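Worksheet: the structure to be examined is printed underneath.
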Amino acid sequence: MAAPPPPTPYRFSSDEMRVLQECNRESFYQRCLPLSTLFGVGTYLGVNSGYLKPNPRFGAVPKVIGAVIAGYLVGKVSYQGKCAEKLMALPDSKIGALLRNRRYGGSSQNSLTLEDHDLEKVLTNIPESEKLSDISNKGLMDLDTDRPLSSGFDDFRPNLDDVQMEDSIPSPDRMRSTSYDELRRRNREEYEQKRTKPYRGVVTPEEVPTVLNPSDMSPIDTSSNPSNIYGDRWEK
């Protein structure tokens, strides 16, 4: 049995090469250069201010170089998503069709279908930046939208019945004002009642107690009682 022929390397089209060159240029000026400058200056200031320990021999140079390289790599990686969108916007690009199928989860009838050997060639020859972009975008788009939401998630919505009950309950200010008016009315009634009564300091004739006159009192007969030598009478 003859061995299958080795796969031929994937050839990028002119539009794909143009998009890749634009991605390299834009990622350098828009992401790599600003981030490298920011990381380098920040590291240099950190070493001079004492937050970072300098190298005993070379000072802040090693840390600044490392920060610049880190900023360059971060800029390249952060631009991969935008570069992948440009490739997917190309109408006749196999790489763009592959990225669309990976992002949206499967191919449709109108999408471009790739054979197994063509898919292997594209995967083996696609730039590393595109592979990383495809993985990151797939992770972002892998959402479980078919699962129904639980009814408990809607508990935060207000209940109309609760709102009606709250409206029916009078406010504290209303209760306070009603109690104050009632208290005023009661105090006014008590004041009117006290005002109509006679003054207690003036005694009416009916209220004067009867006093016995001395003439009305019968004298006590003491002649029958014996007396002693001093004139004191004894009661029997």
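Here the Cβ of each residue, glycine as well, is placed from N, Cα and C on the backbone.
TrEMBL has this to say about the protein:
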COMPBIAS  173-195  compositional bias 'Basic and acidic residues'
COMPBIAS  212-228  compositional bias 'Polar residues'
DOMAIN    10-94  domain 'OCIA'
REGION    153-236  region 'Disordered'
Restricted to the domain 'OCIA' (10-94), the mean pLDDT of the model is 91
The domain 'OCIA' (10-94), counted residue by residue under DSSP: helix, strand, coil:
64 helix, 2 strand, 19 coil
